[in-house]
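Feature annotation from Swiss-Prot assigns signal peptide to 1-34; the stated evidence is experimental evidence. Residues or ranges marked as disulfide bond in Swiss-Prot: CYS63-CYS89, CYS65-CYS105.
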Amino acid sequence: MSLRLDTTPSCNSARPLHALQVLLLLSLLLTALASSTKGQTKRNLAKGKEESLDSDLYAELRCMCIKTTSGIHPKNIQSLEVIGKGTHCNQVEVIATLKDGRKICLDPDAPRIKKIVQKKLAGDESAD
């Protein structure tokens, strides 16, 4: 009766699969790290100021407008941005860029703001 021990462990056949699993996990980790660092700021060493990366590349995952106003004269508005309801926010948001560069949130339910939005969309600059 000859008992020969198998000198090759049975786990050798599973090593390529294990290596693939490790590589997959590492690639997922690197992908997650790379995407999380894109939104961080970088330091401008020449000026000593922080400047943020281009914010147009990233979508906000929450409502942009916390406080709204309806008391704005249409002649002060340079442009309007209307953001519809979505998964990020359950209300319509109207963001006005003023001629001095500031951005303010307008109340989309106010009759005056509705009229301003309609006139701006129609291309009429004389909305009252």
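Yeah, the Cβs are placed from backbone N, Cα and C, and that goes for glycine too.
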Set of same-chain residues at least 6 away whose C-beta sits under 8 angstroms from CYS89 (disulfide bond)
ARG62, CYS63, MET64, ILE83
Disulfide-bonded residues (CYS63, CYS65, CYS105), the one with most neighbouring Cβ atoms at 10 Å
CYS65
How would DSSP class CYS65 (disulfide bond) in three states?
coil
